[in-house]
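Enquirer: To start, I am sharing the structure in question, which I have written as structure tokens.
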Amino acid sequence: MMPVSRRLIFSLKTFGAGMLAVWIAFRLDLAQPTWALLTAYIVSQPLAGAVLAKSFARIAGTFAGATMSVLLIAAFADAREFFVLGLALWVGACLYTSVLLREAPASYGAMLAGYTAAIIGFAAVDAPLSVFDTAVARVTEICLGILCATLVSRVVLPITAGRVLKRTVADSVEAARAWAADVLRGVSDERAALADRRKLLGDIMTIDLLRAQARLDTPEVRRQDDALRHLQARLLSLASILLSIQDRLRILLRDRTGRAAGLAPLMAEVADAVESREADTALAEKVAAARPSLAEMKRDPAHRIEHILVARTGDVLVATADMERFSRALLRGAAPPDLGPAPGLARYRDHTQALVAGLVAALALCVTAAFWIGTGWAQGGNAATLVVVVCSLMATLDDPAAGALGFLKLSAVALPIAALYDYAVFPAIDGFPLLAASLALLLVPLGMLVPDRRYAPKVMPLIMSTIAIMGVQSRPVLAFESFVNASLALIFGIGAAVVMFALLRPLGVDWTVRRHVDGIRRDLASLAAAPAAQDHGRFASHMFDRINALITRIGAEDLGHRAILQGSLAALRIGHNILILRGGMDGFAPAPRAAAEQALATLARLFAGRDDGAAALDTLDAVTGQVLATDGDDETTATLLVTITGIRSSLAEHAGFFRLAPAPTPVPAPIPEHAA
């Protein structure tokens with residue numbers, strides 16, 4: 001959590017940016033200085049790079065929304081029904097794009113383009129000839145707020161995203177190293193491990209967001225872009241390796257305790273090397289020599305699990321050495337000379353959630369606008385605007401109805417505060433200094449809570465609603481009737497959004513979790529059915545993005561969801577093994593190749609839900625038998641045997657996640673020497 005002093009500085013900077021925007025708006029005699037103040041608070045972020053990224057997106061979205069509002073009014077000035085339908089299509093399309101892009105800066109811009117068109121369009125619908133002037137005024141006021149927030153964030157005690165990025169990199173590397181040492185030593189505290197894993201995976205995915213922001217405020221980060229992507233790929237790879245080690249070690253501890261005990265000294269030695277941060281070539285050779293041979297694996301199935309465990313232990317040495325090399329170079333401000341091509345990172349795209357969000361917003365707008373047109377309520381357009389704004393802001397929540405209801409409650413709290421300012425404070429003061437001083441009493445304390453993730457979802461709606469309702473202007477308008485009508489429109493509009501969410505999206509976290517689990521299975525099915533292997537790094541980042549989405553929704557203490565999380569992590573290793581099978585096809589002899597193709601086809605049907613789980617395991621066992629019957633002692637046969645064994649053991653260990661029988665299959669006894 002950010003220290004109090006930093007939060008105070010952030011609040012003072014944000015308030016200063018807002019007051020600068022209001023003062024300039026007064027000097028330019030703009031119609032609605034409130035928009036400049038509101039925008040300054042919306043775009044302000046603790047990191048200068050984040051402000052720049054959000055500002056660019058907001059400017060682009062504002063221009064796009066303003067342009068669309070002018071076009072819609074020009075086309076349907078005398079046909080409100082068609083205006084509403086056109087606006088609903090635009091809002092739905094923009095929100096679909098926004099939810100689909102998720103954390104990308106363009107996501108925010110797309111959302112802004114949607115509700116900016118509603119804000120300007122409904123404001124000008126009764127005076128269509130003024131729509132261009134209204135659009136220009138809103139764009140000017142919003143751009144003024146953006147420019148002031150950006151200027152203050154860059155000039156006054158700036159906190160760069162580059163600085164935070166370096167700290168996050170250092171923390172992530174240290175946490176990954178500690179996790180690796182614990183796993184290798186067999187330290188097991190599942191509840192604490194899940195909490196630590198949640199933070200580490202979240203930090204790894206955050207590096208990508210910080211990298212994009214730091215490119216805007218820290219020039220050296222632009223030169224280190226490839227190195228950062230290499231480091232992130234190594235962190236993701238290490239996490240995947242450690243999950244494989246945990247699964248295989250658990251199998252040996254349960255079924256072959258002696259095997260696990262025999263490997264413990266070697267794994268402890270590797271753990272010591274990981275903590276020492278020094279590369280050890282001799283140890284790497286020792287680990288490689290400890291892998292069981294193909295003959296041993298054919299004779300005793302436990303040796304196959306042991307082979308996987310030792311191989312992944314060796315991978316830990318390589319991954320941590322690379323991770324250390326990249327992180328040291330980054331923290332020194334230099335890039336390693338032998339990087340090679342930077343790996344690509346891929347995020348999942350949730351088309352279902354995006355489509356639902358767009359449809360809900362469009363339908364909510366149509367219903368509210370129909371009430372406005374049917375009743376002729378003068379403030380009905382404002383209510384429809386608020387429906388669009390709230391539906392846009394809450395679109396990505398698992399329970400948007402609860403979020404919108406919270407927004408409604410906080411807006412109700414904002415009404416008396418705004419009334420106090422409009423009818424008691426503002427009439428009693430004169431001049432800009434007193435205006436700023438009076439607003440500081442409210443906005444500075446509230447602004448200190450914005451950087452805290454625990455309070456931001458509650459504080460920002462209160463700040464936004466209060467500023468919007470009180471209407472900061474150089475010549476205050478004291479018409480109480482207008483205030484009451486605007487307040488009713490606010491409550492009605494947000495309330496309509498709550499009702500529409502409750503009716504159209506009565507879904508919660510469990511629905512989201514199920515969709516992510518189904519998405520993981522679909523990804524594995526596509527991977528197994530694909531004619532060519534994908535890039536390992538892109539697959540890992542895509543899968544970890546889904547896993548990170550699950551982790552943020554599942555508490556470490558939630559026993560019911562723990563199996564889901566563990567299964568999703570096992571799915572990552574299964575995916576890597578599928579990629580190994582697919583990538584090695586050209587090197588397999590005809591018989592092993594046919595066995596591998598059969599295994600992949602079986603997995604594709606299983607993950608797509610078209611095959612019975614027990615039948616899939618039987619097929620994998622039959623394929624394993626075919627591989628065991630293969631003559632020779634070559635590396636490709638060993639790879640095929642180990643890979644299929646790894647997939648089969650992961651499926652059995654996480655049977656519930658993969659819709660198999662609940663009991664894991666123990667490792668069979670070894671074949672007697674005379675029968676081998």
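Don't overthink the numbers, they just go from 1 along the chain as shown.
Keep in mind that glycine also has a Cβ here, set from the backbone N, Cα and C atoms.
Because TrEMBL annotations are produced automatically, they should be read as predictions rather than curated entries.
Pulled from TrEMBL, these are the listed features:
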- 7-26: transmembrane segment (TRANSMEM)
- 32-52: transmembrane segment (TRANSMEM)
- 59-76: transmembrane segment (TRANSMEM)
- 82-101: transmembrane segment (TRANSMEM)
- 108-129: transmembrane segment (TRANSMEM)
- 135-157: transmembrane segment (TRANSMEM)
- 354-374: transmembrane segment (TRANSMEM)
- 380-397: transmembrane segment (TRANSMEM)
- 404-426: transmembrane segment (TRANSMEM)
- 432-450: transmembrane segment (TRANSMEM)
- 486-504: transmembrane segment (TRANSMEM)
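Each of the listed features needs to be described in terms of its position in the shown structure.
Expert: Long-range contacts of the transmembrane segment (7-26) within the same chain: residues 33, 36-37, 39-41, 44, 46, 141, 144-145, 147-149, 151-153, 156-157, 432, 435-436, 439-440, 443-452, 472, 474, each at least 6 residues beyond the stretch ends and with a Cβ under 8 Å from a Cβ of the stretch.
Listed as Cβ neighbours of the transmembrane segment (32-52) (distance under 8 Å, sequence separation of 6 or more from its ends, same chain) are residues 2, 6, 10, 13-14, 17-22, 24-26, 58, 137-138, 141-142, 144-146, 148-150, 153-154, 158-162, 164, 210, 213-218, 443, 447, 450-451, 460, 463-464, 467-468, 470-474.
Within the chain carrying the transmembrane segment (59-76), a Cβ under 8 angstroms from the stretch's Cβ atoms is held by residues 82-83, 86-87, 90, 94, 108-121, 124-125, 128, 131-132, 135-136, 138-139, 142-143, 146, all 6 or more beyond its ends.
Proximity of distant same-chain residues to the transmembrane segment (82-101), defined by a Cβ-Cβ separation under 8 Å and at least 6 residues beyond the stretch ends, is recorded for 65, 68, 72-73, 75-76, 107-108, 110-111, 113-115, 117-118, 121, 125, 349-351, 353-355, 357-359, 361-363, 365-366, 369-370, 373, 384, 388, 391-392, 395-396.
A Cβ distance under 8 Å defines the sequence-distant neighbours of the transmembrane segment (135-157), meaning residues of its chain 6+ beyond its ends; these are 9, 13-14, 16-18, 20-21, 24-25, 28, 30-33, 35-40, 42-45, 48, 51-52, 55, 58-59, 62-63, 66-67, 69-70, 116, 119-120, 123-124, 217.
Long-range contacts of the transmembrane segment (380-397) within the same chain: residues 84, 91, 95, 98-99, 102, 111, 114-115, 118-119, 122-123, 125-126, 353, 357, 360-361, 364-365, 368-369, 371-373, 403-404, 407, 486, 489-490, 492-494, 496-497, 500-501, each at least 6 residues beyond the stretch ends and with a Cβ under 8 Å from a Cβ of the stretch.
Residues 390-391, 393-394, 435, 438-439, 442, 457-458, 461-462, 465-466, 469-471, 476, 478, 480, 483, 487, 490-491, 494-495, 497-498, 501 of the same chain lie 6+ residues outside the transmembrane segment (404-426) yet bring a C-beta within less than 8 angstroms of a C-beta in it.
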Enquirer: Hey, which of 108-129, 354-374, 432-450 has the most Cβ-Cβ pairs under 8 Å against the transmembrane segment (486-504)?
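Expert: Selected stretch: 354-374, with the most Cβ pairs under 8 Å.
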